[in-house]
Structure formats: structure tokens, C-alpha cells
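Asks: Straight out of Swiss-Prot:
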- 115-310: domain 'ATP-grasp' (DOMAIN)
- 141-196: ATP binding site (BINDING)
- Asp264, Glu277: Mg(2+) 1 binding site (BINDING)
- Glu277, Asn279: Mg(2+) 2 binding site (BINDING)
Amino acid sequence: MTTTYVKKFDGNTAALGRTLVLFGGTSSEREVSLRSGAAVLQALQAGGVDAHGLDVQADAIAKIEAFAPDRVFIALHGPGGEDGKMQAVLDWLAIPYTGSDHAASALAMDKLKTKQVWQSVGLVTPEYASLVENSDWQAVLDSLGGQGFVKPAHEGSSIGMSVVSTAQELKAAYEKAAHYDAKVLVERRIVGREFTVAVLNGVALPAIGLKTDHVFYDYDAKYVSNTTQYLCPCGLTQEKEAELQSIAQQAFAAVGCKGWGRVDFMQDEAGNFYLLEVNTVPGMTDHSLVPMAARQSGIEFNELVLEILAQTLV
């Protein structure tokens, strides 16, 4: 397992040519993406890259073709930008781009399919059930130990998520999640500590521990609250952090991801780790976790952005 990051970008910004940063879009994560894109664009321009931004709307493909960039930095979050669709368009246009390819992006965006892949290779993820309009709410909840997390299968940033402990709450949570996605799942609730591990160019960066006074690490805790605590160093022993980083790399590879991303975990009270999801285009805002982990590895934000973009030179 590799956990010591060696910078790969040689500083030759001329080799990057004209770069287009894609952000915004039309998903429920648009506001976060606008912030990520603005930060990335500013960092690239500060680093001497000929970088330009595009808020992705209905005419985005024509605008990308007209601009004819040498490479693209994808800072789109959620459906339409993180789910393989934009990646497939860029493949068709033969334009190099940051992050995972269209197949891995589509798989990682689907929490149900991702969990199935992880289970098939022996990686541990919380027990779960798919929900439909006429599910037996009590039976589902009983099968998961009486408490669950309800999630839209294709949303990020904890959008549409709920914690439930009664059949009535489960039904209401399903209806809330179904507003965002036709595919909804409920996971067994793991009580314990939450961690995340960023992966950059095959290297697992230092883990981050998350503490919030909310019921769970929801949208407000991620992007608005000033009371959320980010622990880096994460508070685990060296051995347990190494175990967590190893699982993150295995989970990342199992889905076929490459370049950069982030893997989220829960740790139960017995010390066992459970995989929650993988993010192929993590946030790059002032509250974001990948820049925090990179900083712990001696990589400042502007350097991190260049390291991610330099993946397109390979």
C-alpha cells in the first residue's frame, strides 16, 4: 500500500495547453459545484495555466466543441457530470479529462451497484435493501436491525438522506428520497465514527475523522455549519489508519476509479470499518475534505489542482 505522496507534476504549465473547467450543471449539487469550479479555476490561473470556465447548461456540448480545449477539469457534482455522461461526451470528442472514465463514474454514482461490486470482492459495506412504493416497511426495518439510513441511489452531498427507526419514518423517508431518484435504498445504521480517505494518483492520503452535532453528516454539516469538526490526524492508531487506507484503495480500484476521488466509511463501536460510498468528483470548496487531506500531506490547494489536472497528460 502506498500512503506517501510524491508530486508528479513537473511544473511545465505550457504542456497543459488550454484547459476548460466544467462546473455548475443542473443537478441538485449545482451550488456546491459552482463553488468547486470557481476555486479550481482560480487555482489554475494562479498557477499560470491558460484556464477558462464553463457553467454546464443545455448547450454545453456545442460550447465545448467550439472552445476545443486541450484538456478538461471536471468539477461537476451529481447526475449529469459525475455519473459518466459528461465523461462519455469527452471520450467521444477525444478530449482528455480529470478523474475516472465514464464506466467507473456511472458505477460509482449508483450506490446499490457499488455496494454489490464491493460485496463481490469481499469488501464490507452495511447491509441494505432496495425500497419501492409498496415495500413492507416494518419487515425491511426489522431485517436491518431496527435503524436505517435512507438514500437516493444517485445523489451526493447527503441530499435526500434520512435516519429512520420506525416503519412510519421509513415510508416518509422513502417518499423524500424518491423525489430525487427513482432508485432508493436503505442501509443498516452503523453507530460509531465516520471517516473519509482521499485517493490521489493511486496514493491514499491521510484519513480524516468527522464529528458533527447533527444527527448525521448531512448537507448543512458539510457545507454550511461551522460546528462540524474535521480531525486530521484522524485519531486512529497508525495500524488502524493503515487498514482504513488499504480498504479505501481496494474499494477505489474495485469500482475501476482512477486519478482522484474519496472513499467514505463508518467505524462501529467494535472498531470494524464499513464502506459507504466512493466519490469520483469530490468537492473542492473551503469546507472540502480532499484539500484538507492533501494539506496534511504537504500539498497546498493550488498544487493539488495541478496534480489532478496533470493526470490528463498520461
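Every residue gets a Cβ built from N, Cα and C, even glycine.
Tell me about the surroundings of these features in the structure.
Replies: Within the same chain, the residues at least 6 positions away from Gly148 (ATP binding site) whose Cβ sits under 8 Å from its Cβ are Val140, Leu141, Val163, Val164, Ser165, Leu170, Val186, Glu187, Arg188, Arg189, listed in sequence order.
The Cβ of Glu277 (Mg(2+) 1 binding site) lies under 8 Å from the Cβ of Ala108, Lys111, Thr114, Val263, Asp264, each on the same chain and at least six residues away in sequence.
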Asks: Rounded to the nearest Å, what's the C-alpha distance separating Asn279 (Mg(2+) 2 binding site) and Glu155 (ATP binding site)? Just drop the number here, would you?
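Replies: About 11 Å separate the Cα atoms of these two residues.
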Asks: Determine, from DSSP, whether Glu277 (Mg(2+) 1 binding site) sits in helix, strand or coil.
Replies: strand
Asks: Including all protein chains shown, what's the count of other C-beta atoms within 10 A of the C-beta of Glu169 (ATP binding site)?
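Replies: So the Cβ neighbour count for Glu169 (ATP binding site) comes to 17.
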Asks: What does DSSP call Gly148 (ATP binding site) in the simple three-state scheme?
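Replies: DSSP call for Gly148 (ATP binding site): strand.
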